[in-house]
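Please read the structure below before turning to the comments.
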Amino acid sequence: MAKRSLASLNAGDLSGKRVLVRVDFNVPLNEAGAITDDTRIRAALPTINDLIGKGAKVILSAHFGRPKGQVNDAMRLTPVAARLSELLGKPVAKTDSCIGPDAEAKVNAMADGDVVLLENVRFFAEEEKNDAGFAEKLAGLAEVYVNDAFGAAHRAHASTEGVTKFLKPAVAGFLMEKELQYLQGAVDEPKRPLAAIVGGSKVSSKIGVLEALIDKCDKVLIGGGMIFTFYKARGLSVGKSLVEEDKLELAKELEAKAKAKGVELLLPTDVVLADNFAPDANSQVADVTAIPDGWMGLDIGPDAVKVFQDALGDCQTVIWNGPMGVFEFEKFATGTNAIATTLAELSGKGCCTIIGGGDSVAAVEKAGLADKMSHISTGGGASLELLEGKVLPGVAALNDAA
(Lines of atoms letter the chains of each structure in order from A; the text may use other names.)
(Lines give C-alpha, C1' and ligand atoms only; values in the text may rest on other atoms or scores of the structure.)
Protein backbone atom coordinates (compact mmCIF):
# COMPACT_ATOMS: atom_id res chain seq x y z
CA MET A 1 0.00 0.00 0.00
CA ALA A 2 1.38 3.42 -0.95
CA LYS A 3 2.00 5.75 1.96
CA ARG A 4 0.80 9.30 2.43
CA SER A 5 3.51 11.78 1.52
CA LEU A 6 4.51 15.24 2.68
CA ALA A 7 3.42 16.42 -0.79
CA SER A 8 -0.20 15.87 0.34
CA LEU A 9 0.14 18.54 3.07
CA ASN A 10 -0.07 22.21 2.08
CA ALA A 11 0.76 25.45 3.88
CA GLY A 12 -2.75 25.50 5.34
CA ASP A 13 -2.09 22.12 6.97
CA LEU A 14 1.38 23.03 8.23
CA SER A 15 1.68 26.77 8.88
CA GLY A 16 2.43 27.36 12.56
CA LYS A 17 2.38 23.62 13.27
CA ARG A 18 5.15 21.85 15.19
CA VAL A 19 6.38 19.05 12.91
CA LEU A 20 8.59 16.24 14.21
CA VAL A 21 10.82 15.03 11.36
CA ARG A 22 12.84 11.83 11.82
CA VAL A 23 15.98 12.22 9.70
CA ASP A 24 19.05 10.05 9.12
CA PHE A 25 22.04 12.17 10.13
CA ASN A 26 24.31 9.23 11.01
CA VAL A 27 27.28 10.77 9.16
CA PRO A 28 30.98 9.80 9.40
CA LEU A 29 33.32 11.97 11.49
CA ASN A 30 37.12 12.09 11.49
CA GLU A 31 39.26 11.93 14.65
CA ALA A 32 38.96 15.69 15.07
CA GLY A 33 35.15 15.38 15.14
CA ALA A 34 34.61 16.98 11.71
CA ILE A 35 32.06 15.57 9.25
CA THR A 36 33.82 13.81 6.35
CA ASP A 37 30.70 13.16 4.23
CA ASP A 38 27.51 15.23 4.55
CA THR A 39 25.50 13.27 1.94
CA ARG A 40 22.85 12.20 4.45
CA ILE A 41 22.36 15.74 5.73
CA ARG A 42 21.99 17.09 2.19
CA ALA A 43 19.56 14.27 1.34
CA ALA A 44 17.11 15.62 3.96
CA LEU A 45 17.19 19.23 2.70
CA PRO A 46 14.23 18.98 0.27
CA THR A 47 11.92 17.89 3.10
CA ILE A 48 13.28 20.44 5.59
CA ASN A 49 13.11 23.32 3.08
CA ASP A 50 9.57 22.36 2.04
CA LEU A 51 8.44 22.51 5.68
CA ILE A 52 10.21 25.83 6.25
CA GLY A 53 8.53 27.20 3.11
CA LYS A 54 5.12 26.10 4.37
CA GLY A 55 5.63 27.93 7.67
CA ALA A 56 6.08 24.88 9.89
CA LYS A 57 8.17 24.74 13.05
CA VAL A 58 10.66 22.03 12.10
CA ILE A 59 11.80 19.74 14.95
CA LEU A 60 14.42 17.25 13.76
CA SER A 61 15.05 13.93 15.48
CA ALA A 62 18.09 11.78 14.65
CA HIS A 63 20.44 9.14 16.01
CA PHE A 64 24.20 9.12 15.76
CA GLY A 65 26.42 6.09 16.30
CA ARG A 66 25.69 3.45 18.92
CA PRO A 67 25.78 5.13 22.35
CA LYS A 68 23.83 2.16 23.83
CA GLY A 69 21.37 4.24 25.82
CA GLN A 70 24.04 6.36 27.53
CA VAL A 71 25.02 10.00 27.03
CA ASN A 72 28.31 10.01 25.10
CA ASP A 73 29.79 13.44 24.38
CA ALA A 74 31.62 12.10 21.30
CA MET A 75 28.23 11.22 19.79
CA ARG A 76 26.48 14.55 20.29
CA LEU A 77 24.90 16.12 17.19
CA THR A 78 26.74 19.45 17.59
CA PRO A 79 28.77 19.17 14.33
CA VAL A 80 25.61 18.11 12.48
CA ALA A 81 23.70 21.19 13.70
CA ALA A 82 26.57 23.42 12.55
CA ARG A 83 26.71 21.83 9.08
CA LEU A 84 22.93 21.89 8.68
CA SER A 85 22.90 25.57 9.61
CA GLU A 86 25.47 26.26 6.84
CA LEU A 87 23.45 24.28 4.29
CA LEU A 88 20.14 25.96 5.20
CA GLY A 89 21.66 29.43 5.56
CA LYS A 90 19.85 29.95 8.86
CA PRO A 91 20.45 29.15 12.54
CA VAL A 92 19.68 25.65 13.81
CA ALA A 93 19.21 25.41 17.58
CA LYS A 94 20.31 22.13 19.16
CA THR A 95 18.80 20.84 22.40
CA ASP A 96 20.82 19.32 25.27
CA SER A 97 18.53 16.29 25.29
CA CYS A 98 15.82 15.01 22.93
CA ILE A 99 13.16 15.22 25.66
CA GLY A 100 12.83 17.23 28.88
CA PRO A 101 12.89 20.91 29.92
CA ASP A 102 15.57 22.17 27.49
CA ALA A 103 13.89 20.54 24.47
CA GLU A 104 10.50 21.89 25.56
CA ALA A 105 11.86 25.41 26.11
CA LYS A 106 13.61 25.56 22.73
CA VAL A 107 10.54 24.20 20.91
CA ASN A 108 8.22 26.64 22.70
CA ALA A 109 10.47 29.54 21.64
CA MET A 110 10.24 28.62 17.93
CA ALA A 111 8.80 30.99 15.34
CA ASP A 112 7.24 29.71 12.11
CA GLY A 113 9.98 28.43 9.77
CA ASP A 114 12.49 27.85 12.59
CA VAL A 115 14.54 24.65 12.85
CA VAL A 116 15.51 22.83 16.05
CA LEU A 117 17.66 19.68 16.14
CA LEU A 118 16.96 17.39 19.09
CA GLU A 119 20.01 15.74 20.68
CA ASN A 120 20.89 12.12 19.80
CA VAL A 121 17.73 10.09 20.43
CA ARG A 122 19.80 6.96 21.21
CA PHE A 123 21.14 8.56 24.41
CA PHE A 124 17.98 6.98 25.84
CA ALA A 125 17.79 3.16 25.96
CA GLU A 126 14.01 3.53 25.56
CA GLU A 127 14.50 4.60 21.91
CA GLU A 128 15.67 1.20 20.66
CA LYS A 129 13.21 -0.60 22.97
CA ASN A 130 10.37 1.38 21.33
CA ASP A 131 9.15 2.34 24.80
CA ALA A 132 5.64 3.84 24.60
CA GLY A 133 6.19 6.33 27.43
CA PHE A 134 9.36 7.67 25.80
CA ALA A 135 7.66 7.82 22.37
CA GLU A 136 4.80 9.80 23.91
CA LYS A 137 7.22 12.35 25.42
CA LEU A 138 9.02 12.73 22.08
CA ALA A 139 5.71 13.06 20.23
CA GLY A 140 4.52 15.56 22.84
CA LEU A 141 6.87 18.16 21.35
CA ALA A 142 4.95 18.16 18.04
CA GLU A 143 1.61 17.91 16.24
CA VAL A 144 2.55 16.31 12.89
CA TYR A 145 5.07 13.55 12.07
CA VAL A 146 7.25 13.15 8.97
CA ASN A 147 9.60 10.19 8.57
CA ASP A 148 12.44 10.94 6.16
CA ALA A 149 14.94 8.47 7.68
CA PHE A 150 14.86 5.60 5.20
CA GLY A 151 18.19 4.36 6.60
CA ALA A 152 16.45 3.66 9.94
CA ALA A 153 13.08 2.53 8.54
CA HIS A 154 13.82 -1.16 9.14
CA ARG A 155 13.98 -0.50 12.90
CA ALA A 156 10.85 -0.41 15.06
CA HIS A 157 12.17 2.28 17.42
CA ALA A 158 10.36 4.97 19.39
CA SER A 159 11.31 7.76 16.96
CA THR A 160 10.48 5.73 13.82
CA GLU A 161 7.44 3.70 14.87
CA GLY A 162 6.33 4.50 18.43
CA VAL A 163 5.64 8.22 17.87
CA THR A 164 3.16 7.48 15.07
CA LYS A 165 0.66 6.28 17.69
CA PHE A 166 0.53 9.82 19.12
CA LEU A 167 0.88 12.05 16.03
CA LYS A 168 -1.50 12.39 13.08
CA PRO A 169 -0.94 12.78 10.24
CA ALA A 170 2.20 10.64 10.02
CA VAL A 171 3.61 10.91 6.50
CA ALA A 172 6.68 10.06 4.41
CA GLY A 173 9.19 12.79 3.63
CA PHE A 174 10.48 13.31 0.09
CA LEU A 175 13.61 11.17 0.55
CA MET A 176 11.60 8.31 2.05
CA GLU A 177 9.08 8.59 -0.80
CA LYS A 178 11.84 8.50 -3.45
CA GLU A 179 13.52 5.47 -1.85
CA LEU A 180 10.25 3.55 -1.77
CA GLN A 181 9.38 4.50 -5.36
CA TYR A 182 12.72 3.30 -6.74
CA LEU A 183 13.38 0.24 -4.58
CA GLN A 184 9.83 -1.09 -4.41
CA GLY A 185 9.27 -0.19 -8.05
CA ALA A 186 12.40 -2.08 -9.10
CA VAL A 187 11.16 -5.20 -7.36
CA ASP A 188 7.40 -4.95 -7.97
CA GLU A 189 7.12 -3.40 -11.46
CA PRO A 190 10.56 -3.26 -13.10
CA LYS A 191 11.32 -2.52 -16.72
CA ARG A 192 12.85 -5.78 -17.95
CA PRO A 193 15.29 -7.37 -18.36
CA LEU A 194 15.98 -6.86 -14.63
CA ALA A 195 19.47 -7.69 -13.37
CA ALA A 196 20.89 -7.68 -9.87
CA ILE A 197 24.60 -7.46 -9.10
CA VAL A 198 25.30 -8.79 -5.62
CA GLY A 199 28.74 -8.49 -4.06
CA GLY A 200 30.36 -8.37 -0.67
CA SER A 201 32.43 -10.82 1.30
CA LYS A 202 29.82 -13.12 2.84
CA VAL A 203 26.96 -15.18 1.45
CA SER A 204 25.47 -15.26 4.96
CA SER A 205 24.72 -11.51 4.99
CA LYS A 206 23.06 -11.64 1.56
CA ILE A 207 21.10 -14.94 1.75
CA GLY A 208 17.67 -13.32 1.95
CA VAL A 209 18.47 -10.88 -0.84
CA LEU A 210 19.88 -13.56 -3.15
CA GLU A 211 16.83 -15.78 -2.63
CA ALA A 212 14.41 -12.90 -3.23
CA LEU A 213 16.29 -11.61 -6.27
CA ILE A 214 16.47 -15.05 -7.89
CA ASP A 215 12.66 -15.04 -7.62
CA LYS A 216 12.32 -11.63 -9.28
CA CYS A 217 15.27 -11.07 -11.63
CA ASP A 218 16.11 -12.22 -15.14
CA LYS A 219 19.84 -12.20 -14.35
CA VAL A 220 21.83 -12.33 -11.10
CA LEU A 221 25.55 -11.50 -11.21
CA ILE A 222 27.61 -12.44 -8.16
CA GLY A 223 30.98 -10.95 -7.21
CA GLY A 224 32.99 -10.19 -4.08
CA GLY A 225 34.36 -12.64 -1.54
CA MET A 226 31.16 -14.69 -1.48
CA ILE A 227 31.99 -16.22 -4.91
CA PHE A 228 34.53 -18.57 -3.32
CA THR A 229 31.84 -20.29 -1.27
CA PHE A 230 30.04 -21.00 -4.57
CA TYR A 231 33.25 -22.28 -6.21
CA LYS A 232 34.07 -24.56 -3.30
CA ALA A 233 30.50 -25.88 -3.43
CA ARG A 234 31.18 -26.75 -7.09
CA GLY A 235 34.23 -28.73 -5.98
CA LEU A 236 36.84 -26.20 -7.12
CA SER A 237 40.04 -25.39 -5.23
CA VAL A 238 40.00 -21.80 -3.91
CA GLY A 239 43.44 -21.50 -2.28
CA LYS A 240 43.21 -19.45 0.89
CA SER A 241 40.25 -17.35 -0.30
CA LEU A 242 37.43 -16.58 2.12
CA VAL A 243 34.94 -19.47 2.32
CA GLU A 244 31.91 -19.98 4.58
CA GLU A 245 32.08 -23.74 5.09
CA ASP A 246 28.61 -23.84 6.67
CA LYS A 247 27.04 -22.21 3.57
CA LEU A 248 28.27 -24.66 0.90
CA GLU A 249 24.92 -26.49 0.70
CA LEU A 250 23.09 -23.16 0.51
CA ALA A 251 25.29 -22.08 -2.41
CA LYS A 252 24.36 -25.29 -4.25
CA GLU A 253 20.67 -24.70 -3.50
CA LEU A 254 20.81 -21.11 -4.82
CA GLU A 255 22.42 -22.26 -8.07
CA ALA A 256 19.82 -25.03 -8.44
CA LYS A 257 16.97 -22.61 -7.71
CA ALA A 258 18.20 -20.18 -10.38
CA LYS A 259 18.51 -23.00 -12.92
CA ALA A 260 15.01 -24.29 -12.14
CA LYS A 261 13.53 -20.80 -12.58
CA GLY A 262 15.44 -20.09 -15.80
CA VAL A 263 17.35 -17.22 -14.19
CA GLU A 264 20.83 -16.53 -15.55
CA LEU A 265 23.14 -16.80 -12.51
CA LEU A 266 26.61 -15.56 -13.42
CA LEU A 267 29.78 -16.08 -11.39
CA PRO A 268 33.15 -14.64 -12.49
CA THR A 269 35.19 -16.81 -14.87
CA ASP A 270 38.50 -15.43 -13.62
CA VAL A 271 39.75 -13.66 -10.50
CA VAL A 272 42.59 -11.41 -9.35
CA LEU A 273 44.59 -13.25 -6.68
CA ALA A 274 46.88 -11.92 -3.94
CA ASP A 275 49.51 -13.70 -1.87
CA ASN A 276 48.25 -11.89 1.25
CA PHE A 277 45.55 -9.46 2.34
CA ALA A 278 47.37 -6.15 1.84
CA PRO A 279 47.24 -3.18 -0.57
CA ASP A 280 50.75 -3.94 -1.82
CA ALA A 281 50.36 -7.74 -2.10
CA ASN A 282 51.77 -9.58 -5.11
CA SER A 283 48.96 -10.31 -7.54
CA GLN A 284 48.11 -12.50 -10.52
CA VAL A 285 45.04 -13.25 -12.63
CA ALA A 286 43.84 -16.86 -12.72
CA ASP A 287 40.95 -18.82 -14.17
CA VAL A 288 38.60 -19.92 -11.38
CA THR A 289 39.38 -23.55 -12.22
CA ALA A 290 43.11 -22.96 -11.60
CA ILE A 291 43.50 -21.07 -8.32
CA PRO A 292 46.85 -22.10 -6.79
CA ASP A 293 47.30 -22.98 -3.11
CA GLY A 294 48.42 -20.14 -0.88
CA TRP A 295 46.69 -17.40 -2.91
CA MET A 296 43.43 -15.58 -2.15
CA GLY A 297 40.97 -13.92 -4.51
CA LEU A 298 40.48 -10.18 -3.89
CA ASP A 299 38.77 -9.03 -7.12
CA ILE A 300 36.98 -10.31 -10.21
CA GLY A 301 39.21 -10.73 -13.28
CA PRO A 302 39.25 -8.94 -16.66
CA ASP A 303 37.37 -11.73 -18.49
CA ALA A 304 34.69 -11.72 -15.79
CA VAL A 305 34.30 -7.96 -16.24
CA LYS A 306 33.69 -8.44 -19.99
CA VAL A 307 31.17 -11.24 -19.39
CA PHE A 308 29.33 -9.12 -16.81
CA GLN A 309 29.31 -6.09 -19.12
CA ASP A 310 27.83 -8.20 -21.95
CA ALA A 311 25.17 -9.63 -19.63
CA LEU A 312 24.14 -6.14 -18.49
CA GLY A 313 24.08 -4.67 -22.01
CA ASP A 314 20.38 -5.28 -22.74
CA CYS A 315 19.06 -4.68 -19.21
CA GLN A 316 16.48 -1.98 -18.51
CA THR A 317 16.78 -2.11 -14.70
CA VAL A 318 19.89 -2.94 -12.68
CA ILE A 319 20.17 -3.13 -8.89
CA TRP A 320 23.69 -3.20 -7.43
CA ASN A 321 24.46 -4.14 -3.84
CA GLY A 322 28.00 -4.94 -2.71
CA PRO A 323 31.45 -4.44 -4.27
CA MET A 324 33.14 -6.90 -6.65
CA GLY A 325 36.36 -7.02 -4.63
CA VAL A 326 38.41 -5.33 -1.92
CA PHE A 327 37.94 -1.90 -3.52
CA GLU A 328 39.56 -0.15 -0.55
CA PHE A 329 42.88 -1.46 -1.97
CA GLU A 330 43.53 0.34 -5.29
CA LYS A 331 45.13 -2.77 -6.79
CA PHE A 332 41.92 -4.76 -6.24
CA ALA A 333 39.36 -2.06 -7.13
CA THR A 334 39.38 -2.62 -10.91
CA GLY A 335 36.35 -4.92 -11.03
CA THR A 336 34.23 -2.67 -8.82
CA ASN A 337 35.23 0.45 -10.78
CA ALA A 338 34.45 -1.29 -14.08
CA ILE A 339 30.94 -2.18 -12.89
CA ALA A 340 30.40 1.41 -11.70
CA THR A 341 31.51 2.75 -15.11
CA THR A 342 29.29 0.23 -16.94
CA LEU A 343 26.23 1.24 -14.89
CA ALA A 344 26.94 4.93 -15.50
CA GLU A 345 27.00 4.22 -19.26
CA LEU A 346 23.77 2.18 -19.06
CA SER A 347 22.07 5.05 -17.17
CA GLY A 348 22.93 7.32 -20.08
CA LYS A 349 21.10 4.91 -22.41
CA GLY A 350 17.90 4.97 -20.35
CA CYS A 351 18.50 1.99 -18.06
CA CYS A 352 17.26 2.49 -14.47
CA THR A 353 20.33 1.97 -12.25
CA ILE A 354 19.84 1.62 -8.51
CA ILE A 355 22.74 1.51 -6.08
CA GLY A 356 21.39 -0.29 -3.03
CA GLY A 357 23.17 1.22 -0.09
CA GLY A 358 26.31 0.37 1.85
CA ASP A 359 29.70 -0.26 0.27
CA SER A 360 28.46 0.01 -3.32
CA VAL A 361 27.51 3.64 -2.64
CA ALA A 362 31.02 4.32 -1.29
CA ALA A 363 32.49 2.63 -4.38
CA VAL A 364 30.39 4.68 -6.80
CA GLU A 365 31.25 7.90 -4.96
CA LYS A 366 34.95 6.98 -4.91
CA ALA A 367 34.77 6.46 -8.69
CA GLY A 368 33.16 9.91 -9.05
CA LEU A 369 30.09 8.45 -10.77
CA ALA A 370 27.36 8.98 -8.15
CA ASP A 371 25.56 11.66 -10.18
CA LYS A 372 25.35 9.32 -13.19
CA MET A 373 23.14 6.72 -11.44
CA SER A 374 19.33 6.82 -11.47
CA HIS A 375 19.09 6.36 -7.71
CA ILE A 376 21.54 5.95 -4.85
CA SER A 377 19.94 4.52 -1.73
CA THR A 378 20.77 6.09 1.62
CA GLY A 379 19.91 2.92 3.53
CA GLY A 380 22.11 -0.16 3.74
CA GLY A 381 20.11 -2.59 5.90
CA ALA A 382 16.81 -0.93 5.01
CA SER A 383 17.36 -1.25 1.27
CA LEU A 384 18.37 -4.92 1.63
CA GLU A 385 15.24 -5.69 3.66
CA LEU A 386 13.01 -3.88 1.16
CA LEU A 387 14.60 -5.81 -1.74
CA GLU A 388 13.95 -9.00 0.23
CA GLY A 389 10.27 -8.09 0.26
CA LYS A 390 10.16 -7.45 4.01
CA VAL A 391 7.83 -4.89 5.57
CA LEU A 392 9.77 -1.98 7.09
CA PRO A 393 8.23 -1.01 10.47
CA GLY A 394 9.01 2.70 10.01
CA VAL A 395 7.12 2.66 6.70
CA ALA A 396 4.23 0.45 7.81
CA ALA A 397 3.52 2.88 10.69
CA LEU A 398 2.84 5.82 8.34
CA ASN A 399 -0.65 6.75 7.15
CA ASP A 400 -1.79 5.12 3.92
CA ALA A 401 -2.25 7.33 0.87
CA ALA A 402 -5.85 8.29 0.17
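Glycine too: its Cβ is placed from the backbone N, Cα and C atoms.
The substrate site in Swiss-Prot is built from Asp24, Phe25, Asn26, His63, Phe64, Gly65, Arg66, Arg122, Arg155 plus one of Arg18, Arg40, namely Arg40. Mapped onto three states, the DSSP output places Asp359 (ATP binding site) in helix. Per Cα geometry, Asn26 is the residue among the binding-site residues Asn26, His63, Gly65 nearest to Ser360 (ATP binding site). Of all the binding-site residues listed here (His63, Lys206), the one with the fewest other CB atoms within 10 A of its own CB is Lys206. Ranking the binding-site residues Lys206, Gly297, Glu328, Gly358, Asp359 by the distance of their Cα atoms from the Cα of Asn26 (substrate binding site) places Gly358 first.
Across the structure, Lys206 (ATP binding site) and Gly65 (substrate binding site) are spaced 23 Å apart at their Cα atoms. Within the same chain, residues at least 6 positions away in sequence whose Cβ sits under 8 Å from that of Asp359 (ATP binding site) are Gly199, Gly200, Gly322, Pro323, Phe327.
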